[in-house]
2 protein chains.
Amino acid sequence: MTQQAAIALGIELRVLANSLDESAARVIADTRLGDYRDLAVLRDFAKGCDAITFDHEHVPTEHVRALTEDGFAVHPGAEALVHAQDKAVMRERLTAIGAPCPPWRRIASVEDVTEFATEHGWPVVLKAVRGGYDGRGVWVCRSAEEAAEVLAGGVPLMAETFVPFERELAVLVARSPHGQGVSYPVVETVQRDGICVEVLAPAPGLDPERAAQAQRIALKIAHELGVTGLLAVEMFETATGLVVNELAMRPHNSGHWTIDGARTSQFEQHLRAVLDLPLGSPSLAAPVVVMANLLGGDDPDLFSRYEHVMAHDPGVKIHFYGKDVRPGRKIGHVTALGTDLDEVRARAQHAAVYLSEGRYT
Amino acid sequence: MTQQAAIALGIELRVLANSLDESAARVIADTRLGDYRDLAVLRDFAKGCDAITFDHEHVPTEHVRALTEDGFAVHPGAEALVHAQDKAVMRERLTAIGAPCPPWRRIASVEDVTEFATEHGWPVVLKAVRGGYDGRGVWVCRSAEEAAEVLAGGVPLMAETFVPFERELAVLVARSPHGQGVSYPVVETVQRDGICVEVLAPAPGLDPERAAQAQRIALKIAHELGVTGLLAVEMFETATGLVVNELAMRPHNSGHWTIDGARTSQFEQHLRAVLDLPLGSPSLAAPVVVMANLLGGDDPDLFSRYEHVMAHDPGVKIHFYGKDVRPGRKIGHVTALGTDLDEVRARAQHAAVYLSEGRYT
C-alpha cells in the first residue's frame, strides 16, 4: 500500500524482504532479499537510500541505532521506536509525560502479581513486554494460579489493571523530522477475539472535547517521544475518560480507512513524514467512512467471490494484500463511504463477510 | 497508475517495456523487455497472462488480431481498437451508426482538398489517418497552397471541416466483455497549443440533457464498436450541438481526475473491464474536481518545488509519472477537490504552474 502512494509522489521504493512471495516484493521492482535481524544485511540494503523506514516494529533497536550512527536517515529513530517495541519502556515514558495510563508495574514473580492485585484488584492483565500483536502476548488473569501459568512461559512480563472500557478508539498522527504534526480524526475500532474487525471514522457520537483531547494526547506523545513518521495511539474510552492502551509507529490497520476515506492516505502521510516533506490534509473524504478487515476463511479461493461483491455494491473499495489465505489472517480490507453510519457499516460488513466466508450478513 | 489500482485488487501486472527506465517498468516487478511491434515478442510475453491490454494504441492491429487468434484474451480487441488507430475507419463507422461527425472525406490529392473546400468552405482540417497525438498530425489549412504543403509530407490524410466549437468536452466510458457499460460524468477539457492543460469535472454549466446525450453517444459508440476496456470520446460543444472529435481506447488524460475525484479510478475501471469483472461506481468524490497537467519546464529539478506546493495546499494531490523532464512533456498532474469551481481551479493551477515553471499564478 505504501507503493501506491510512492508511485503518485514519484518516490522509488526499495524493499528488504524475506522472499519474493511477500506482499511488498510482489509489487516493488527493487526488492532485496535478506534478514532484517542481520545488521550487515541492513547496512548493505541502506546504501543509496534517502530514508529508511519499517512496516513492522521488529527490527532490533540496536540495529536501528547503528544505522543512524552510520549516517543513514532512519525514521522513526531508535529512541522513538523503542516505545513501540517495549511496553514497559512505553509505560514509563507515558507516565512521565502525563499521558493517561492504567496503573502498571514490571513483574518478575507471582508475588509481584499478587502484590499488584492486592493494591488494584483482580483481574490483572499480564502483557509480554516485547513482541505482542493482535491479542497475542496479552493474558487476563483472575487469580495467582492463572498468573503463575503465564509466568511459566518465561517471557518478560508487566502487569496492568483491567480497564473497564466502553469502547476502543484510535488516533493516528504523523510527525516529521522538522516537527510538523497532523492528526487524523479519532476513530472507533471494533475488536473480536483481540483482532480489529472494523474501524468507524469518525468515532460515532464522540464528544468533540474528548475527541480534541485524544488528538492532543497523541500529538503530545509523538512530540515528546520524537516520533518521525506515523504514530497510532490506541485508547480506551471509559466512564471517566481516556486511557492509552498501545502505540504503533508505522502505517496501522486502524488507519487503512484513509486510503479511500481521507484526502491523504496514511501511506502517503508516512512517506511525506519520513522524507521531511510538508504533511497532507487529514480531512475525511465523506461524512462517514467504515473499514472492515478481510479475515481468511476456510476457502482460500477469494477470487470466486470477488464478482458478487463488486456487482452487489459498485461503490465499495476492495483491498487485497497479496497474502495467502489462512483462517483468521488479515488478508485485505474493504472500505465504504457515505452519510448514514448504519447503511455504510452494513455495506462494509456485507462485503467483508461475503469475501471472507462466502455467506451473507 | 494502473499498478496503483492493481495492487488494491490483488491483480499482478506484467509489463512489456522498451527499457527498465520507463515509467511502468520502474514500479512493476514483472517487467519484460521487448518491442511491441514484434509479434514473436508479444506472443512470448502473453504466455500465462489472463488478459492483455495496452496503455497506448500503437500496437499493430494485425498483431492484436493474431494474439486473439492464438486464444489470448486481448482487450480491446483488434476490431474495436482499429477505430482508435485509424481516423478514417473511425469516421466511416461513426457516420454509419449515426454519431454526430463533421463533414469529412479521405483525400489523396490537392484536388480532393479543393473539392472538399468548394463544398464546405475553408479552412479545411487535414489529419494524418494514423499516428497523431496531442495536436501532432493535425493541420488547419486556409488555402490550396497550405494543403499542398501538408500533402507533400506523404502521410495518408483525411479532410474534415473546421468545427467552430464553444468548448471541448470528453466522456469516459467503460465496457466489459459481457456488455456492462458505465459512464463517468462529462468533463470539460481545456487545451493550449493542442495539448490538454486542464480538466474540469463535471463540465461547468453543461445542460443536463446535453450531458445525458453526450453519455448516450459515448456508450453507444462503445457498444457498436465492441469496445472492451475504457473508451474516451472527445467532443466539441458547438452552438448547434455535439460533434465527436476523437476516440481513445485506454485510460486517458481526460480521466486522470478520477484517481482522486471519483469512487473508482479509470485505471481500476479499466482493469475491471478487461478482466470482465463488474464495473465500479463512477460517482464524483466531491462536487467539483479539477485536474491540471504538469508540463515539463526548463528546469528539470521538480523536487525542489515539491515542498512549496505541498506546504501551500495540503489538500492538493500530486502525481508524477516517473518521466524525465522535457519542455512541454506531460510529466504528471495535480488534482484539487472542493465545492467552488473558481477556488478549486485556482488551487490546481497554482500547484501545476509552480511545479512546472517555478512561478506563481
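Glycine too: its Cβ is placed from the backbone N, Cα and C atoms.
The annotation in TrEMBL ties B:K127, B:E160, B:T161, B:F162, B:V163, B:E168, B:N245, B:E246 to ATP, and of the candidates under consideration, B:K87, B:K220, the one tied to the same site is B:K87. When secondary structure is read from DSSP and collapsed to three states, B:K87 (ATP binding site) falls in the helix class. In the three-state DSSP scheme, B:F162 (ATP binding site) is classed as coil. Long-range neighbours of B:K87 (ATP binding site) (same chain, six or more residues apart, CB within less than 8 Å of its CB): B:K127, B:A128, B:V129, B:R130, B:G132, B:M158, B:E246. Within 10 Å of the C-beta of B:E160 (ATP binding site) there are 21 other C-beta atoms, taking all protein chains into account.
Across the annotated binding residues for ATP (B:K87, B:K127, B:E160, B:T161, B:F162, B:V163, B:E168, B:N245, B:E246), the two most widely spaced Cα atoms sit 18 Å apart.
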